[in-house]
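Visitor: Below are the structure tokens for one structure; questions will follow.
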Amino acid sequence: MSSSSSSIDPQQVLEWTISLAKQAGSVISKGRETLRDDIAKDYDSIIKKNSSDLVTKTDQDTEAFVKKAILDKWGPETKFIGEESYAAGEENVLDDALTFIVDPIDGTTNFTHAFPFFCISIAVAYKSQLLAGVVYAPFLDRLYTGLAGQGSYLITPSDGTPRKLPLQKPLPLPSLKQALIALEWGSDRKHETVERKARTMEKLASQRGNMVQGIRSIGSAALSCCFVAEGSMDLYHEIGCWAWDIGAGFTIINEAGGLTVGSKDDTLSKIKANGKELGIVTPQVLQGRKYCVVRGAERDDQVGLLKEFFEAMDEWEA
């Protein structure tokens, strides 16, 4: 099928992407069974990058499966941006083409250790704008969807009943001291990077700093975004992940009334300039590798929490 503008039906794209995510979930589940046996034989053989940034054969198999399905369905002019494809040197640019942005397994370290917070993340962009997002966590039996202008939903495949996000009427957004936030250590373990992260963690955890109510690190950017979208967490921040990690999550959050932004300097400058452009996901924000998201609430409360958070944290390079 051609992906020309006359043939793009957003609802059809979403429904097809949901089906693809479920099929990929089966590939991932089977891969986990194989990986269990492989680890018992030779753990070193599954490490392709470094000890904090794993890539398994299942990542590669799942991406190959998804990419083939996309090109078979939507035609060779359709663009594909994926973690493994990017590592192989393929172009990573958004333009007017129908584009699928895929992380075959977001949370590979979790996947390797059988910690169930891992998922496939598929975002769809068209004319450089996010159109749809699907995040499926097969071991948690949770599927999140978002479609521009149509809302976002949580579906538990075992019963198939979509629940609109957020899962409850948004409560007033607390100050940082009452917030539950998600932060990650990430795969970049250079001393200067870890030092800055630790300094931020200390500020946000200590009574002497801007003590938050709680900090969570679940090891999946896509699922962290989804938990913010459903209202389970107030804010999630990460530096160093990629468009394929957060593209689907950004769509799901925005459709749940949340706010998605990029770097500290960019966000604070937009707030200072009246904040009208705050939350617009441009290609620069999507591919900037510095991300922060806030759950649905009154706009002034969202902006206030963002400002308070960024003023408390030390930013580092991606």
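Cβ coordinates are placed from backbone N, Cα and C, and glycine is handled just like the others.
Since the structure is predicted, the reported quantities are computational estimates derived from the model, not experimental observations.
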Visitor: Report the candidate from Asp188, Asp234, Asp245 that shares the Mg(2+) site with Glu83, Asp103, Ile105, Asp106, as recorded in TrEMBL.
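Guide: That Mg(2+) site, as TrEMBL gives it, pairs Glu83, Asp103, Ile105, Asp106 with Asp245.
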Visitor: Write out the long-range same-chain contacts of Asp103 (Mg(2+) binding site), meaning residues 6 or more apart in sequence whose Cβ is under 8 Å from its Cβ.
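Guide: Expected: Gly82, Glu83, Ile120, Ser121, Ala222, Trp242, Trp244, Asp245.
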